[in-house]
Amino acid sequence: FFRALCLCHTVQVKDDDSVDGLKKNQLSRRSCIYISSSPDEVALVEGIQRLGYTYLRLKDNFMEILNQENNRFELLEVLSFDSVRRRMSVIVKSSTGDIFLFCKGADSSIFPRVKEGKIDQIRSRVERNAVEGLRTLCVAYKKLTAEEYSNAQKLLQNAKLALQDREKKLAEVYEKIERDFILLGATAVEDRLQEKAADTIEALQKAGIKVWVLTGDKMETAAATCYACKLFRRNTQILELTTKKIEEQSLHDVLFDLSKTVLRHSGSLTRDTFSGLSTDMQDYGLIIDGAALSLIMKPRQDGSSSNYRELFLEICRNCSAVLCCRMAPLQKAQIVKLIKLSKEHPITLAIGDGANDVSMILEAHVGIGIIGKEGRQAARNSDYAIPKFKHLKKMLLVHGHFYYVRISELVQYFFYKNVCFIFPQFLYQFFCGFSQQTLYDTAYLTLYNISFTSLPILLYGLMEQHVSADTLKREPSLYRDVAKNALLRWRAFIYWTFLGVFDAVVFFFGAYFLFENTIVTSNGQMFGNWTFGTLVFTVLVFTVTLKLALDTHYWTWINHFMIWGSLVFYIIFSLLWGGIIWPFLNYQRMYYVFMQMLSSGPAWLGIILLITVSLLPDVLKKVLCRQLWPTATERIQNASRHCQEHISEFTPLACLKSPRYRSSDCSSSPARRSNSHSKKMMFTHWRGVDYSVLPSVFGYSNKHCRSSAGYHYSGSGLETSV
């Protein structure tokens, strides 16, 4: 058994003490470093080394082993591992001339090819290790005669030299050689979860993101891992769609039984439309293996796609989590493609750390690779690469949230400010005899999008934070406010379009009716064509800039400099452009126009009045929506303001999330407080509901300090200092 583990691998030995910059020799205190594409192989070789069997090196096609005495084995053939066979083998020749074939692989691929050994004892041990969450491998061997090896060598040589269907022919030869084994034993390797992996998955589920696990591990191992990472909970009812159940019943019956079980409750439960979590805590978790998935994805004999796919997707929609085990890499990609092409057309994200995850990463809309012990293949084929799984939480819930808000505002603001810019020019054509006379001066036409309004929105797209990063990490549910492209839907687009048209009409007709047939200068002169256009343009620049200032929540000195600096730059440019005789211009139509406009009192009044009227609908909409139909993000913003103004450090956060957290007499609470009273509070958690009892000296009503589990997600993450 030890000899098999020392020989059946593809580990390379490195004498240098630095691998990828890490001084492993100082940590492990070994004389050699083992490198392999699979960390499991390294773990097995290092484990056997502790038991007295040390793999030294592969030199001149001879594998050297150090135990009680030095042994040399000639490496004859390597039958490489692949995800379909789920095993690998080596053929070696000992110093005595005996030829052995050592094989290790998944229990599902080894046990059917074994003819003798302690099969039942090893199988029960493998199942016990799998339930404990360990990754198991079975080890077997057989002794080859010279004639059997000669025949096997010829078959391998012919398959390797084949010009067509080489992989298929090699697989057939491997199948002929790898049979009639003697079972030696099994190994179990602990594959620990990365730190904060469970917290990350829990946060993603609270954010409304459905999490599926696609793995090649054994079902028991994968299920134990899912419980450890909180994908499955203690109250989760597990539904199995595995080969074992399909053997007992037909696939049709199993699918319809699962469908009845899930859909029977879906009508009575208030199920979350995003994450599938129900409010009365009855959740389902589906486990499916690769063989069952193959039957579901298999097309009918008439060539049409199977209707089992839709039934399978319907079951998955009503499950809070799905575990796909014993998956080949191509099956992982099939699952992702199946979800992508479903009727909801969801956005899919695949994250993996090994070469077997590459096909899944490439198939998803967004691919993320983890740089770890499994190599760099996943990271090289991904859109983003991260060092730890826990970074996915900040990447999605913080940076993803921020940049979606920024990009959606940037796109719609650009459309809005150009509607405001062009629509008055369109209206002007009805009053100039369709002569193609421009309303604005050519300098204003050129610099509007280049200088006057470009920098504020550019800075907004880089720096805006409508809530703090800590709040987004602490409250994953805020991600639901931007889910399903909420800020770039038709409703939001129509609102921005309406606002742009309304403002443009106010700019043009407001200036037109205010100064029609009216003497507006001190010497009795009327405004001319260019003065009218300059007035409209001035109102336009100030309105669109102040609109962005109203939408900005995160103010820094750079924001102030860009927003107010853009307005100051416009005024300075207009004064220079209209106050100097430019020798290189053949005409001076804007000479003294801007200063003449500013010398008029009615012009000042008109500018202020038109800016106010233009911004009024947006201000009213923000106030009414925030008070009557606030989103979760706006509730957090309001709570943070109230927290800074009124709430003491003893107030539980559960109270802050409720819009009615203060009693009617809370306004008089500061006067009722007294330093002579000790500030005490009782904060309890019972059946998913947070209660707090505040003394009367605080002026808060106890009946209002209660938070619903449905809204606060079972009180998870609510903390207060006591």
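Using the three backbone atoms N, Cα and C, a Cβ is placed for every residue, glycine included.
Source: prediction; values computed, not measured.
Feature annotations, courtesy of TrEMBL:
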type	residues	note
BINDING	E41, F81, K104, R135, T215, G216, D217, R326, K332, N356, D357	ATP binding site
BINDING	D353, D357	Mg(2+) binding site
COILED	149-176	coiled coil
DOMAIN	379-631	domain 'P-type ATPase C-terminal'
TRANSMEM	443-463	transmembrane segment
TRANSMEM	493-515	transmembrane segment
TRANSMEM	527-549	transmembrane segment
TRANSMEM	561-585	transmembrane segment
TRANSMEM	591-616	transmembrane segment
Notebook entry, point to check: Where else in the chain does the coiled coil (149-176) make close Cβ contacts, counting only residues six or more beyond its ends and a cut-off under 8 Å?
Noted result: 76-77, 79, 82, 84-85, 89, 91, 99
Note to self: For each of K104, K332, count the other CB atoms within 10 A of its CB; which of these binding-site residues has the top count?
What the structure shows: K332
Notebook entry, point to check: What residues in the same chain, six or more past the boundaries of the transmembrane segment (493-515), come closer than 8 Å to it by Cβ-Cβ distance?
Noted result: 412-413, 415-420, 422-424, 427-428, 431, 526-527, 532, 535-536, 539-540, 543-544, 602, 606, 609-610, 613-614, 617-618
Check: Any idea of the Cα spread of the ATP site, E41, F81, K104, R135, T215, G216, D217, R326, K332, N356, D357, as a max distance in Å?
Finding: 24
Checklist line | Long-range Cβ neighbours of the transmembrane segment (443-463) (under 8 Å; 6 or more residues past either end) | finding: 406-407, 409-410, 413-414, 417-418, 421, 533-534, 537, 541, 544-545, 548-549, 551-552, 554, 556, 558-559, 562-563, 565-566, 569-570, 573, 577, 590
Next item on the list: Mind looking up the mean pLDDT for the coiled coil (149-176) in the predicted model?
Entry: 89
Notebook entry, point to check: So which one is it: of the binding-site residues E41, D357, which has the fewest other Cβ atoms within 10 Å?
Noted result: E41
Next item on the list: Can you figure out which of K104, T215, D217, K332 (the binding-site residues) comes closest in space to D353 (Mg(2+) binding site), comparing Cα atoms?
Entry: T215
Margin query: Let me check the 10 A CB neighbour count of T215 (ATP binding site). How many other CB atoms are there?
Written below: 19
